[in-house]
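Since the structure comes first, as structure tokens, the remarks are kept for the end.
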């Protein structure tokens, strides 16, 4: 089958032919329709330090997808041939303390599709049926293909009660931008997002941001004054992994505020702990999606009117993957979709 793979320990990916995956007793085989390019895939493309330490070579990658079940293992129940599915990209052990307690997103033995094992940038993907998630007919293939990052945004944004709250999001990548729409959809009052990329900030405005702030030109304190915020933000969502952004977020938080961290800062990042301790801040780390409560919430929000369509900005045939990666690398894109049906 056709697949997009890392064949050499060097930048780039290669469209190649690989063996169609075998289907285990508890697996489903998915014929891929659409995939989306993730920031993780950009790290793999660039072959940065993280990728060099993490990605097996050779291996085809990718983990954001939607497709149709075409084969099932003999032990699979609850699915049928022809079901349209996306899937949870974190494959968990099922036996550790957290898995047994229903907290599979905290499994200490997680294996990542397209990171630690063969991925979805291919004509077919085999995954455990437990990880497959049926997509309702009213949700498009394009939207279903971005459920993985949409889930990251949902898990992060809905970690705390947002109704009537003032929310600060640092980092206007696709996940941060989707978090804007989620926060507004569930009843936040002011949703402010910061970045230095004007293209992405404009996307955030289209998704409903109260203010989208280029911090290279505008003061967050001035924006807060314009919004008549006298006490600080109630909820902070750090999506960038940039130390200066995290610092500014902590400074802007109200006493008793709650902070969710999805962005990954450098390991030795220093912060002013006075901001955390004396403000009584609650900080929560976010990894992946809650299985499968996050997935149900994603579907429910889309069915109740959440509009994510502006975040999908580019579409290419899978054979034109280089154009898709170029769009992502340019910094002037939202989500980029690759079509495996043409």
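Each Cβ is built from the backbone N, Cα and C atoms, and glycine gets one as well.
Annotation source Swiss-Prot lists Zn(2+) 1 binding site at 38, 63, 64. Just so you know, the Cβ of residue 63 (Zn(2+) 1 binding site) picks up 24 other Cβ atoms within 10 Å once every protein chain is counted.
Here Swiss-Prot flags 40 (among others) as active site, charge relay system. In the three-state DSSP classification, residue 40 (active site, charge relay system) falls within a helix.
Residues or ranges marked as active site, charge relay system in Swiss-Prot (evidence: sequence analysis): 43 (among others). Around residue 43 (active site, charge relay system), taking its Cβ as the centre, 17 other Cβ atoms fall within 10 Å, counting all chains.
Residue 107 (Zn(2+) 2 binding site) falls outside any helix or strand according to DSSP and counts as coil. Annotation for residue 107 (Zn(2+) 2 binding site): same-chain Cβ neighbours under 8 Å, separated by at least 6 residues, are 90, 92, 93, 96, 98, 99. The Zn(2+) 2 binding site feature in Swiss-Prot is assigned to 93, 96, 99, 107.
For 175, 195, 200, 262, 263, 264, 286, 287, the entry in Swiss-Prot reads NAD(+) binding site, with the evidence type sequence analysis. Spatially close to residue 262 (NAD(+) binding site) yet at least six residues away along the chain are 152, 156, 175, 237, 238, 239, 286, judged by Cβ distances under 8 angstroms.
Those residues of the chain, other than 93, 96, 99, 107, with a C-beta within 8 angstroms of the mean position of the Zn(2+) 2 site C-beta atoms are 92, 94, 95, 97, 98, 100, 104, 108, 109, 110. The Cβ of residue 263 (NAD(+) binding site) lies under 8 Å from the Cβ of 170, 171, 238, 239, 240, 241, 242, 245, 246, each of which sits 6+ residues away along the same chain.
Within 10 Å of the C-beta of residue 96 (Zn(2+) 2 binding site) there are 16 other C-beta atoms, taking all protein chains into account. When the binding-site residues 99, 264, 286 are compared by the number of other C-beta atoms lying within 10 angstroms of their own C-beta, 264 comes out lowest. Between the listed binding-site residues, namely 200, 287, the fewest other CB atoms within 10 angstroms of a CB are found at 287.
Under the DSSP three-state reduction, residue 63 (Zn(2+) 1 binding site) is assigned to coil, being neither helix nor strand. Separation of the C-alpha atoms of residue 287 (NAD(+) binding site) and residue 64 (Zn(2+) 1 binding site): 16 Å, rounded to the nearest whole number.
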